[in-house]
Structures are given as C-alpha cells and as structure tokens.
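In Swiss-Prot this protein carries:
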| type | residues | note |
| --- | --- | --- |
| BINDING | 131-146, 157-189 | FAD binding site |
| DOMAIN | 47-151 | domain 'FAD-binding FR-type' |
| TRANSMEM | 13-33 | transmembrane segment |
Amino acid sequence: MRSSSSRQPQMQSYYAIATVWALIIGAATYYFFSNSKPKAVLQRGDTAFKEFPLIQKTVLSHNSAIYRFGLPRPSHVLGLPIGQHVSLSANIGGKEVLRSYTPTSSDLYDKGYFDILIKTYPQGNISKYVSELAIGDTMKVRGPKGNFVYNHGLVESFGMVCGGTGITPMYQILRHIAADPADNTKVNLVYANVNHDDILLKKELDAIAAENDNIKIHYVLNNAPEDWTGSVGFVTKEILEKHCPPPGPNTKLLLCGPPPMISALKKASVELGYEKARPVSKLEDQVFAF
C-alpha cells in the first residue's frame, strides 16, 4: 500500500498541469470573445474629441479626395451605425470650427481605419484645413451623431436624392444593403452634379448597381456631355416621380445636398403625395433630410 507522502508529488503535478490547462483555456476564451466583436473607438454620447492620424489620401478630382485616418489598433472599428455622421474640429484663425461628415467606410468590413470623402471649397474652413494635412498629422473627431440609423427591414424601398458630397450617407447605406445577401430592400438613387467629373464614387456606385437588381441609379448633370444618357438640369418633380418609388407606408425618401436643392425637393415631394418633411428629420419620418 502506497503512503500518502508518495502520492503527494503526483497530486501536486496533477494540479500544476490542470492549472496550466485552465490558464490556456481561459486565455483562448478571452482571445476569442475579445476578438469576435471589434472594439468601437467612438461611443454615442462622447463629448470629448479624439485625435486620429491621417494615413492615406486618395485624390478623386481636382477638389475632392478620400482621407483615411488610422485607428489605435488594426482590429478596431470606428463605432459608426449605418447612416450616422461624425464631427471634425480644428482651430482655424484662433477659433474652434466644427463640420459634420459621413464616413464612406463601414464597421462591417473596414477595420483599423475610417474614410471620409471631402470636397474642398475655396472659402471652406474645415475642408481646406483637411486638404492641407500631411500624412501623420492628426484630426480631432467626435461622434457618432444623427437621427438616422439603418437596419435591415427598416423599409421595403428607398428613394434617395442627393447632390455632390451628399452622396456619402447614401453610399454608406447602399454599400451595407449590397453586402447583405438577405437584404432585398429596393433602392432608387437620383444623384445630381454640375459636371461629369464631379460625380463622386461613380465607379463604386455603378458596380453596386450592376451586381444588385434591387438597386437602381440615375444621374443628373447641369452641364452634360453630348453622349450623356442621364437627365440634364436640376432634379425636378418629374424626375423625382419617374425615378423614385411612390409614397407608401413602407417607403422612405432620403435627401442630402445643398440647402436650396433640399428645399426644392421637400416641396416637390409634398406635391407628389409624400408627408411634409419636418425642419429636423426623425427616423420615423417618411421624408428624411440628412
């Protein structure tokens, strides 16, 4: 018969091995769960600005570019619900200036960075400031914010009308719908610009429309080339009626663009039977202006 003293080293060895395995399993479990849901850098309700470095600039035209800002870690996401925007801040001429932008990137598949499409205006404060940033320079960002959040099943169909950089929230929603095989939401987008070269993200938009039967895009130009097949001039009530879905309980009309354009579209939408848009849009509104 073995003595208890002879069994003691065996028991100690057993406990040591069990402890090591417990630590390994615990570490693996922590790693799995900590990496299964990427950490969101921004949280709704945050009042403090966070700084992010510019890591890439992709020029789209003579006055527009996509600016890519890096997040603290490659596994991080910005923390932006679909349809929301962020505020950029900079000290310009001794004053703190803020502007809102909708990132074109998405938490769904863009990790470690976020993209913002900005058109630079001669008298623009933030847009000019960002255009002069060098790689490695930081930008102050706060958010997310906004009254619109897209989730699968929100509506059966969208009418979207935008001008210029007003494409950014529409693109974010379109990209999300196109990435989800189960999302069959119908989208009719009317995108207006002055010149053909002003059409932002056209290659990406055309690719989305070509690969998704539920997404249709119609372009409008003020100054159209001779071989142009889209509409010419401003977005009229007739264009809205022809290329957007009729008003209904499962339809929303989304608007984003210059104030005069939005004002005209709100009036035209009422004439077509849509509910009158409120001064500040809410998610439940039939007509939502970003």
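Note that Cβ sites are derived from N, Cα and C of the backbone, with glycine treated the same way.
Location within the structure of each feature annotated in Swiss-Prot.
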{"residue": "SER131", "record": "FAD binding site", "DSSP class": "helix"}
{"residue": "THR138", "record": "FAD binding site", "DSSP class": "strand"}
{"residue": "LYS145", "record": "FAD binding site", "DSSP class": "strand"}
{"residue": "CYS162", "record": "FAD binding site", "DSSP class": "strand"}
{"residue": "PRO169", "record": "FAD binding site", "DSSP class": "helix"}
{"residue": "HIS176", "record": "FAD binding site", "DSSP class": "helix"}
{"residue": "ASP183", "record": "FAD binding site", "DSSP class": "coil"}
Helix, strand and coil counts within the domain 'FAD-binding FR-type' (47-151) (DSSP): 6 helix, 50 strand, 49 coil
Binding-site residues compared (SER131, THR138) - the one with the fewest other Cβ atoms within 10 Å: THR138
Confidence summary for the domain 'FAD-binding FR-type' (47-151), mean pLDDT rounded: 96
